[in-house]
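According to Swiss-Prot, the features are:
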MOTIF     43-53  motif ''HIGH' region'
MOTIF     800-804  motif ''KMSKS' region'
BINDING   Lys803  ATP binding site
COILED    1001-1032  coiled coil
COILED    1097-1165  coiled coil
Amino acid sequence: MEIKEYNPREIEEKWSRYWIEKALYHVEKPDKRKKFSVVIPPPNVTGSLHMGHALNATLQDVIVRWQRMRGRECVWVPGFDHAGIATQYVVEKQLAKEGKSRLELGREEFLKKVWEWVPKSRNAIRTQLTKLGVSVDWKRERFTLDEGFSRAVRKAFRTLFEEGLIYRAEYIVNWCPNDRTALSDLEVEYEEEKGSLWYIKYPIVDENGKDTGEFITVATTRPETMLGDTAVAVNPNDDRYKHLVGKRARLPLVNWERKDLRGNSVSNLIPIIADERVKMDFGTGAVKITPAHDPLDFEIGKTHDLPFVRVIDETGRMNENAGDFAGMDRYEAREAIVAKLREDELLEKEEEITHSVGHCYRCKTVIEPMVSVQWFVKVSDPRIKDISIKVVEEGIKEREEKELFVQLAQVEELSVVIPLKEEGRHKIVVVLDKTAKFLVGKREGELAYIYYPKGDERTLEFAKRLAEEFKDYEFMVAYEGLPKIVVMGNEQLVEPGSYLFVYDGKKLDLYKLEGEKPKFLKTLGKGEADLEVTQKSIQIKPERIKKVEEREKRVKFIPEHWKKFYLDWMYNLKDWCISRQIWWGHRIPVWYCKDCGNVNVFTDDDFDRAHDKIIFNLIADGKIDQEFTPEEVEKVLKSPHFVHPEMTVLDFYKKFVFHRYYNMDITADSLRLLFTQDMNPMAMLTPGVSTRNIYKYDSQKKKWKMVLRCKKCGSENLEQERDVLDTWFSSALWPFGVFGWPESTEDLKNLYPTDLLVTGFDIIFFWVARMIMMGTHFMKDIPFYDVYVHALVRDKYGRKMSKTIGNVIDPLDIIERYGADALRFTLAILTVQGRDIKLAEEKFEGYKHFANKIWNAARYVLMNTPEDFIARIPYMAPLKPEDKWIITKLNETAEEVNKALENYQYSQAAHAIYEFFWSDYCDWYIEFTKERIYKKAPEDNEEEKAKVENERTTALYTLHYVLEKALRILHPFMPYITEELWHKLPNAEGESISLAEFPQKNEDEIYEEDKQKVERLKEIISAIRAIRSDLQIKPSEKIKASFKTESEFSRRVIQEFKNHILNLAKLESFEEVSQRPQNTVATFSKDTEIYVHIEGHVDLDKLIQSYEKKREKLLKELERVNKKLSNENFLKKAPVEVVEKEKQIKEELENDLKKVEEILKVLRS
């Protein structure tokens, strides 16, 4: 078969399209017992994916594809995050370029701009994920701001609010004056910065408010906040200030009226208080207390019932409480206040310091601690905190009660024939010497069976797959006494079959059970079978039994050290500020009653009919106004859905929101009729029509209004909360929200908890912890079993990738240049647990060469495969030792890869298949086969001709057999090239390699003796090749060599594989000698001394001289580099990449020098 050159772009486009069109990765109704579910960490709709996203998606896809090939029903849910602050920030920057701001546009128009941006970003990300080759189920795609998720968010908020776990309070928050919103503690990034510590003198006053001439000096880094001071605090154990506690001080500069948060006037004469939280060794030991602008001061202010005076507003400017400094920027005010203090001789001194300053994680603005009214989740409450710690620290127990049936068959010296309804029409005859008990399936009459014919490898593989598939089922067979089993086919006795029993997932040999107590054996499968009794009748009595299974559920962090990282944070948990003063996001579902002050939380639970629920959700989502026309509703519901444009918004409501198909008419006329009936008082007199009085009609505006009423006083005078929820609030619901919560859906029952979460360490607190909190609270179960925490992707010098530095590597550029398979394999092989990835573009180029190697190996196999290859297989010659060696290595590689992936050892798994394919299969086995592949058969000798053809067929059979399985092992890492090549193989069956079985180690294919022989052969050939290279003998030049050995094993290997040694080491001869011949250079290979004859090939003296010159040059260069790296000035001032480059040069020089010295030692010998 002809196979053209490798073209990554062509095959990637072809197979991406194929996978999506075939919906290969969609499982309509997954089986809970076989499922493997994963939810993608939803990328933000803020732009395109970076290399960190590519790594995350690759690591997930490797595991998902591997699990799918192991027989699991994999459901990997894709989706996107609306990313409140981040997305709003991106759109605001775009508006700024046009000279506009969101405040000028207003909320409604600004949100329209965001909705114009979001589809562009989402489509770009979806395209990138598709190019990367991820095997997600696009039919289940979700968005954190879609109708179903928005409904789930409102439900979660209401539930927590009614449970007293959401509250609204005055609190000190991290305020970003640029984004004008509160930030959680996790959204603040701290940086060490140079600053000043100002020492300010506060005059002490007497009981009449007159200065006493005494001062108390306080130290502060933020003099601008002193205008809001309401106390001075000292430690009660500080002897320096005990005499001042209880007295008052005059606040410097302030000679104007100040008001607290409730509008009460606050004096400029402030108390001196004692509090143990004051550090005696900071500054002077006396500190100013500004409860409205400092977290510790806030706590101290609450303890001592101090007034809260705000002096900085939401924009970072001084407010009316700042008097003479009002209107100034906070930093401008700082300078002015310091100057005034200096002028009034109240500034004692100024010290330069380095301190930690908090910045907004998004825009890098210095945050302003500020008291404001915010919404919080009480995550410190034991109802949330305790279980979130327990599921990670010790796990939780889950009990499940199952009902089974026991069928007790009383038989004695009796044969039972079990006809199997399988292809082949075989029967199993069970000859029972004693009573047998069958403990069988879920319903009466369902008998478990075990069977595979001897010698049929395909059925053996099928049986093993069944064993894996059913090992966790509640099917068991208990035998008392030892049955004898034979296989009947076509009513004639044939050779007794082999049989496979599985116990605890392990293969058992039935013969070894003799004399032991009865075993409970888990069967390979299930099936209905009639019992055909050949001698006597038997009585089977079904009996129901109940079995209670208890299993532990625990969230496991990988690597394990992240468990401590998580728990340390959880034990010191603070309540979570969830309100954000922005416009893009989930608007808090709270309506304040202007008449009675009641706080109302509305969800669609407040409505009965599907129409009303939908209209409420459209209003709450901002898709229509509270006043609307029926035409507006119809237009929205009939428009294509944002996430799934193949369906309408109404279809999305039916499938993803309510999960049932209401038969509803949503035309404008039908809605108008519905509203009219609802508001008509006469409707009460109409049989079958109920009145709800939900809608009102405004004849002037010609619009209908959905009426919301206060749940306390019934007033319609309500105002909705303007803040939106923190993005992470909706993201915390992701693992169960995507499966339809709060509805009790089949997906939710079958796919939750999910099996794996792959994420970066930087969002363990932001996201992972909160998913655990919300999952355990709402679902009463863990959200996922395994959390794999991957490291950061850095540049080759270990620096974080940054546009500022200019070291960002775009995954799309890499795919364009080297292909998605090269990108994926590079990221996987570099992923070592607990170690950051240092990424250089040459790495991708290297693994593109690997893809080429795979392609060319397949070309070699296919181009040498005749059209009648399959027909020739029955006549092939027995396997040679090199055939058995490569099959053994294949099985060992399969075992190593499986074990590595079970433990998320990506690098180890990738290295194993890389070494096998590149070295064992390509560099060695293909070379071994060339003698048989290209050997010409004599035309005049039919017997010899048949022998040559049959040996060629054996080589081709082994090449195909190993290639097909190796492609399957490679597939999770390199899906495109493996899919393309697999379909070209004659022994590949099925619509996709991704649905083929992942190879397992087969003990029957381990040929240890042949493996040892071929490994010894490789060592001998490698030793000869190495010395040839050192002697600089041309690869095409044939030379003589000889050997001496005391090892009988090595002697036999050389004799058996003499032709391979001559061909692959390019030798004229290789004979055994008793002593070293003259004019030879010696090398060793374990127990064998090898002599290469150099006469006529090498000028030894000249070669030694050449290597000595090379050694001298290396020593000089190494001396230069060492001198540079020992220079402290160079190490401090040179850029990181320059220092790293010099270190790499040093390492390379040392390796080269070592090699040259080893060669010289050999040559001089």
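Residue positions begin at 1 at the first shown residue.
Note that Cβ sites are derived from N, Cα and C of the backbone, with glycine treated the same way.
Helix, strand and coil residue tallies for the motif ''HIGH' region' (43-53), in that order: 3 helix, 1 strand, 7 coil [DSSP]. Outside the coiled coil (1001-1032) by six or more residues, the chain places 881-882, 884-885, 887-892, 894-895, 898, 924, 1039, 1041, 1043, 1049-1050, 1052-1054, 1056-1057, 1060-1061, 1064-1067, 1081, 1083-1086, 1088, 1090, 1092, 1094, 1097-1098, 1103, 1159, 1162-1163 with a CB less than 8 A from a CB of the stretch. On the 0 to 100 pLDDT scale, the model's mean across the coiled coil (1001-1032) is 92. Sequence-distant contacts of the motif ''HIGH' region' (43-53), counting only residues of its own chain at least 6 positions beyond either end whose CB sits under 8 Å from a CB of the stretch, comprise 80-83, 86-87, 89-90, 117-118, 121-122, 124-125, 128-129, 760, 792-793, 801, 808-812, 839.
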